[in-house]
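Copied over from Swiss-Prot:
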- 13-19, 41-43, R306, 332-334, 414-416: GTP binding site (BINDING)
- D14: active site, proton acceptor (ACT_SITE)
- D14, G41: Mg(2+) binding site (BINDING)
- D14, E15, G16, K17, N39, A40, G41, H42, T130, R144, Q225, T240, R304: IMP binding site (BINDING)
- H42: active site, proton donor (ACT_SITE)
- A300, T301, T302, H303, R304, P305, R306: substrate binding site (BINDING)
Amino acid sequence: MAKNVVVVGCQWGDEGKGKLVDLLTDRVGAVVRFQGGHNAGHTLVIKGKKTILHLVPSGILRNNVLCVIGNGVVLSPSALMEEIRMLEQEGVPAQERLKISPACPLVLPYHVALDQARETARGERAIGTTGRGIGPAYEDKVARRTLRVGDLSDENRFAANLAEIMDYHNFILRDYYQAEVVSYEQVLEQALEFKAKFSHLVTDVPMLLAKLRREGKNILFEGAQGAFLDIDHGTYPFVTSSNTTAGSAATGSGVGPHDLDCVVGITKAYATRVGHGPFPTELEDDTGAHLAQRGQEFGATTHRPRRCGWLDLVALRRAAIINSISSLCITKLDVLDGLKRLCLCVAYHYNEEQCSEMPLDSDALVRCKPIYMELLGWQESTVGITEYEQLPLAARLYLEKIEELSGVPIDIISTGADREQTIILRDPYGI
């Protein structure tokens with residue numbers, strides 16, 4: 001029987017979703033992106049070759065897998081055109097494998113200009129966005145003034161609506177931010193170029209996915225960012241502009257929630273965060289520097305260094321609740337190789353009391369101090385191990401403690417960047 005699996009991040013993004021999605025795509029008929037935009041970077045490593053994707057789903061490197069961009073994604077024509085060009089240069093027939101919802105809002109140059117002007121104006125209070133226009137594009141969607149992929153079917157109407165929208169946004173840029181305005185002609189030219197090249201990829205995504213399910217095809221729903229960047233459930237205001245939690249898989253694709261069968265949550269064996277915002281277990285010492293260096297912790301999209309810290313089980317328990325996590329995938333276990341001691345955050349010290357639940361308020365979370373459980377590390381290398389029993393005893397005890405204190409079983413463990421460097425204890429698709 002066909003099975004629909006959702007893959008989401010349980011931290012602040014960068015957990016390794018791209019690798020897991022790529023690994024599981026040989027079991028599915030389609031991979032669906034359901035939220036976010038080209039602010040997300042998913043890194044795939046196959047036989048040592050690295051591919052970084054931002055909009056195209058991570059199944060694109062597999063033959064016979066349909067890659068679908070759902071309505072919850074805000075789509076930059078220029079970014080998608082560049083990504084498709086890059087893939088085709090590498091011999092990947094991206095257009096043969098890709099479908100796009102007509103309901104995707106477009107991210108256009110004036111969104112980028114607004115995003116960057118705002119961050120500049122905020123100064124030290126900047127959110128730390130990627131500056132790629134994602135927030136302003138989602139704002140236009142909610143304000144019901146967005147231009148969508150499907151609007152390009154009528155070029156005259158699109159041009160007229162674009163002129164009206166740009167009058168508004170250029171007024172804000174010029175008169176509020178004292179920034180340069182954006183050229184209407186250049187934006188229109190870019191949008192029409194996208195239509196000319198890729199309009200054949202546009203399809204009714206909910207009907208397509210329903211058809212695949214009737215045909216008995218497995219589907220994988222690929223989340224972007226992570227649970228605590230969710231606009232509602234994250235560390236607001238240091239969040240992204242979309243719902244990154246599993247519920248968005250339904251609204252961002254058009255699949256009914258009853259048809260989502262299980263949710264795999266991904267977390268690193270430690271924790272990272274890019275940009276501003278509370279991070280209770282952050283390590284600003286030699287151990288944090290070691291994790292960053294060993295884990296090559298630089299953003300795939302922004303190339304900004306990631307902040308590193310110990311795994312936060314208080315946060316992980318909350319992520320499991322708000323996503324209905326069925327099982328966990330632990331990534332970058334090998335990064336912990338060689339450390340003499342490891343720590344797991346099991347509670348917080350807040351307002352002179354011990355707190356076992358993560359506060360949603362960012363100001364409160366900043367004041368939370370981690371309470372750690374110490375465990376022995378291991379000196380052996382775990383890189384490339386594919387059998388659980390081959391892991392060092394201390395590594396197995398570490399994983400078992402994560403299972404015990406999170407309340408969620410671990411089904412998959414990543415021991416390196418390559419697709420093959422993985423331990424699969426239980427397959428989400430039952431294969």
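Using the three backbone atoms N, Cα and C, a Cβ is placed for every residue, glycine included.
Features as recorded by Swiss-Prot, highlighted on the structure.
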| residue | record | Cβ contacts under 8 Å, 6 or more apart |
| --- | --- | --- |
| G13 | GTP binding site | A40, A224, Q225, G226, L229, T244, V274 |
| R304 | IMP binding site | V274, G275, F298 |
| L333 | GTP binding site | A269, T382, L391, A395, L399, I413, S414, T415 |
Neighbouring binding-site residues, C-alpha within 10 angstroms of the residue listed as 'active site, proton acceptor' - of N39, T43, P305: T43
R306 (substrate binding site) to T130 (IMP binding site) - Cα separation in whole Å: 13
Distance, P305 (substrate binding site) to T43 (GTP binding site) (CA atoms, angstrom): 16
Collapsed DSSP category at P305 (substrate binding site): strand
Binding-site residues: K19, R306 - member with fewest neighbouring CB atoms within 10 Å: R306
Closest of N39, G41, T130, P305 to G16 (GTP binding site), Cα positions, binding-site residues only: G41
Most Cβ neighbours inside 10 Å, all chains, among the binding-site residues T43, T130, Q225: Q225
Entry from the binding-site residues list N39, T415 having the most other CB atoms no farther than 10 A: N39
Euclidean distance between Cα atoms of G41 (Mg(2+) binding site) and T130 (IMP binding site), Å: 11
DSSP three-state assignment (helix, strand or coil) for T43 (GTP binding site): strand
Lowest local Cβ density (other Cβ within 10 Å) among binding-site residues: G16, G41, P305: P305
Nearest-integer angstrom distance between the alpha carbons (Cα) of K19 (GTP binding site) and G41 (Mg(2+) binding site): 11
Local Cβ density at D14 (active site, proton acceptor) - other Cβ atoms counted within 10 Å: 29
